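Feature annotation from Swiss-Prot assigns heme b b562 binding site to HIS84, HIS183. The feature heme b b566 binding site is assigned by Swiss-Prot to HIS98, HIS197. The ubiquinone binding site annotation in Swiss-Prot covers HIS202, and the record cites similarity to another entry as its basis. Swiss-Prot lists 34-54, 78-99, 114-134, 179-199, 227-247, 289-309, 321-341, 348-368 with the feature transmembrane segment, giving similarity to another entry as the kind of evidence.
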Amino acid sequence: MAPNLRKSHPLLKLVNNSLIDLPTPSNISAWWNFGSLLGICLLTQILTGLLLATHYTADTTLAFSSVAHTCRNVQYGWLIRNLHANGASFFFICIYLHIGRGFYYGSYLNKETWNTGVILLLALMATAFVGYVLPWGQMSFWGATVITNLFSAIPYIGQTLVEWAWGGFSVDNPTLTRFFALHFLLPFMIAGLAFIHLTFLHESGSNNPLGIPSNCDKIPFHPYFSLKDILGFIIMFLPLTTLALFSPNLLGDPENFTPANPLVTPPHIKPEWYFLFAYAILRSIPNKLGGVLALAASVLVLFLTPLLHKSKQRAMTFRPLSQLLFWTLVANLLILTWVGSQPVEHPFIIIGQLASLTYFTILLLLFPIIGALENKMLNY
């Protein structure tokens, strides 16, 4: 019998074992679609970003007008830019849902996969932040100033670190050029990390909605899940193109249509919607270093979730108390997101502080306590 190239060729073998003959749990739901959606988001962002970079000039005097030129004079430049800007929002929607799925179904017990995933989230956040600075509008400039300034809270080396990051004594041309370099580099780093993420995942195989081993019932990835993924792509591209074509600036800040001016501070400096929850946590502590630590902890706390799993069951499918806690956490994150977009005044200050406290309490205290309590109730 002639050798099957798909199974014998060194490169095709890799593709085959990851996308074609991969044994997959038969009962994984649509919540398992977000991994592939993140992959397609990354590809879309790299492609549109590359096309934008060909027309972009990383210079403070030209950056803003080069972006305007792309939108006005380049063939479909407006569409490429709108897809890139809104693609970032969809990237974050997908990653947050992906993390939520992992949290709900106990996928974090694949520790290496989970930890590389958290590193991927951090890399994505860094990429989105430096990318937001590039159009060099008012919010770009002041966002860069405020967020980079947070590093000055680090004792002893803080100020030196900030000036080193800026390439001077304020956010200026050197900052913009290095941010462009970083924004170009990081997505490829994300792609490499995603490969590692998948390698770790395929060591143990995918989890499933019941949180039980599925070795007895696996089906090949292709055609079943390849088709399901393509359906997912279509369902995601529909709202993305709708947003990019009909209301491309819905999620942006009007302040960014004004070129950066170091002499005029915008009335409300706030990041894009996907960072608002972390921004609210940062603002809820009236001390600079404390706020920075809370901001870092808001994401880094995800590294602790595998250690805080006290339940004898993996998923929350059959744990109503944990489910209640999970949805409380989701509602709490939405409250934080809303508070982050509001000015720093009463009642938003106290709401933000309570929501921040609740966020950490649920993750660090209540989840392990409720997990242990459920074990007791089930006589485990």
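All residue numbers here begin at 1 and follow the chain in the order shown.
Yeah, the Cβs are placed from backbone N, Cα and C, and that goes for glycine too.
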Does the transmembrane segment (34-54) reach the transmembrane segment (179-199) with at least 3 CB pairs under 8 A, where each pair is 6 or more residues apart? yes
Compare the C-alpha of HIS183 (heme b b562 binding site) with the C-alpha of each of the binding-site residues HIS98, HIS197, HIS202, and give the closest one. HIS197
Chain residues outside the transmembrane segment (114-134) and at least six past its termini with a C-beta under 8 angstroms from it: 56, 58, 63, 67, 88, 91-92, 95, 98-99, 102, 107-108, 140-141, 143-144, 147, 175-176, 179-180, 182-183, 186-187, 189-190, 193-194, 196-197, 200, 271-272, 274-275, 299-300, 302-303, 305-306
Could you give the Cα-Cα distance between HIS197 (heme b b566 binding site) and HIS84 (heme b b562 binding site), in whole Å? 24
Long-range same-chain neighbours of HIS98 (heme b b566 binding site), Cβ under 8 Å, sequence gap at least 6? PHE34, GLY35, LEU37, LEU38, GLY117
Quick one: do the transmembrane segment (227-247) and the transmembrane segment (348-368) have at least 3 Cβ pairs under 8 Å, skipping pairs fewer than 6 apart in sequence? no
HIS197, HIS202 as binding-site residues, winner by CB count within 10 A: HIS197
Same-chain residues at least 6 beyond the ends of the transmembrane segment (321-341) with CB under 8 Å of its CB atoms are 100, 103-104, 270-271, 273, 275-281, 283, 311, 348, 351-352, 355-356, 358-359, 362-363, 366-367, 370-371, 373-374
Spatial neighbours of the transmembrane segment (289-309) not adjacent in sequence (6+ beyond its ends, CB under 8 Å) are 99, 103, 106, 108-109, 111, 114-115, 118, 121-122, 125, 150-151, 153-155, 277-279, 281-283, 356, 359-360, 363-364, 367-368, 371
HIS84 (heme b b562 binding site) and the residue listed as 'ubiquinone binding site', distance between Cα atoms, whole Å: 30
Cβ-Cβ distance under 8 Å, sequence separation of 6 or more, same chain as HIS84 (heme b b562 binding site); the residues meeting this, in order, are GLN45, THR48, GLY49, LEU52
For HIS183 (heme b b562 binding site), which DSSP three-state class applies? helix
